[in-house]
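K.L.:
Pasting the feature list from TrEMBL:
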- 23-287: domain 'NADH:quinone oxidoreductase/Mrp antiporter transmembrane' (DOMAIN)
- 60-80: transmembrane segment (TRANSMEM)
- 92-115: transmembrane segment (TRANSMEM)
- 151-170: transmembrane segment (TRANSMEM)
- 177-193: transmembrane segment (TRANSMEM)
- 199-218: transmembrane segment (TRANSMEM)
- 230-253: transmembrane segment (TRANSMEM)
- 273-293: transmembrane segment (TRANSMEM)
- 289-342: domain 'NADH dehydrogenase subunit 2 C-terminal' (DOMAIN)
- 325-347: transmembrane segment (TRANSMEM)
Amino acid sequence: MSPFILATLVSALALGTAITLSSSHWLIAWVGLELNTLAILPLMARQPHPRAVEATTKYFLIQAAAAATLLFAATTNAWLSGQWEIHQMNHSVPTAIATLALAMKIGLAPTHFWLPEVLQGLDLTTGLILSTWQKLAPFALLLQMPNHNPTLLIILGLSSTLVGGWGGLNQTQLRKILAYSSIAHLGWMILILQFSPSLAFLTLIMYFAMTFSTFIVFKINKSTNINSLAISWAKTPALTAIAPLVLLSLGGLPPLSGFMPKWLILQELTKQGLALTATITALSALLSLYFYLRLSYALALTTPPNTPMGLSPWRLHTAQNTLPLAISTTATLALLPLTPLVTALFVP
């Protein structure tokens with residue numbers, strides 16, 4: 001792909017998200033979401049491989065269906081109330097339909113089935129964009145919508161945390177594991193959305209930092225399955241030493257940064273009288289922690305059996321700029337002591 005076309009597509013991707021973030025009208029927000037979807041499709045299909053074409057087709061069909069459902073919800077709200085403003089969606093039926101449409105767009109359970117298959121068909125760079133940037137615009141619309149149905153959000157959140165934990169247990173492909181990780185983390189955000197939108201936004205930022213670090217580590221090591229992690233020590237020993245900590249932070253293990261949003265969410269759920277929901281969510285985090293521990297074990301504690309040094313990969317300097325990885329890894333590992341400051345900034 002030529003640099004000019006790539007720059008155009010990335011600019012359109014950023015523009016679509018910016019339009020949705022800055023709009024208060026459902027039609028303008030819908031146009032931003034469509035521009036976002038159409039801009040990423042050529043990026044997904046740039047590799048001439050049947051898996052990439054299949055993933056692009058699945059993604060297009062799902063996003064088109066979700067966008068049509070969202071437009072139907074906005075039109076129904078305008079018919080019932082005469083309002084096209086996002087903040088004026090007060091009727092319960094259009095609100096529930098719009099919530100389900102946005103849940104399908106970001107891959108929340110039970111509308112999650114497309115996400116692992118699509119992510120498995122993409123390269124790690126495009127998968128990173130799909131797991132982070134593409135979640136931003138739909139999540140912003142969820143944050144702006146008033147009068148969410150509490151029961152619907154709790155069902156979506158609990159099912160996503162459980163599915164994200166169960167689904168990743170038997171996987172060996174790293175991209176599918178990261179897809180189920182995304183589903184589980186989004187479940188945590190949806191659970192707390194109605195009680196503390198600022199805490200949900202904080203969780204989203206922490207998820208972006210941790211996922212960015214994980215994808216870039218796998219990209220530098222050229223790892224796509226668990227078996228290929230075992231030889232990453234020969235390529236990048238320092239990065240391989242840090243990678244298990246990044247994965248355990250994704251699992252929410254203290255004293256790493258990933259523990260902070262989970263801790264604050266469980267505390268807020270308990271304050272709201274949802275002790276059973278908080279307990280189930282905390283137990284579902286153990287399922288996710290199990291497959292993160294599997295990856296950490298593959299990275300840190302295994303070596304190829306009887307591998308002669310002459311067959312080990314050459315330890316060459318990577319041409320990739322590692323400054324963003326250094327910044328995101330620092331945020332992934334070392335923000336827990338700043339919890340009081342972060343709480344003062346994000347949680348009212």
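Even glycines carry a Cβ here, placed using N, Cα and C.
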K.L.:
Could you give the mean pLDDT over the domain 'NADH dehydrogenase subunit 2 C-terminal' (289-342), rounded to a whole number?
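P.N.:
Mean pLDDT across the domain 'NADH dehydrogenase subunit 2 C-terminal' (289-342) comes out at 74.
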K.L.:
Any contact between the transmembrane segment (177-193) and the transmembrane segment (273-293), i.e. 3 or more CB pairs below 8 Å with pairs at least 6 residues apart?
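P.N.:
Contact confirmed: at least 3 Cβ pairs fall under 8 Å.
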K.L.:
Which range out of 151-170, 199-218, 230-253, 325-347 gives the transmembrane segment (273-293) the most CB pairs under 8 Å?
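P.N.:
Most contacts with the transmembrane segment (273-293): 151-170.
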K.L.:
What residues elsewhere in the chain lie close to the transmembrane segment (199-218), defined as a C-beta under 8 angstroms and at least 6 residues from its ends?
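P.N.:
Those are 124-125, 127-128, 131-132, 135-136, 139, 143, 174, 178, 181-182, 185-186, 188-190, 192-193, 224, 239, 242-243, 246-247, 249-250, 257-258, 260-261, 264-265, 268, 320, 324-325, 328-329, 331-332, 335, 342, 346-347, in sequence order.
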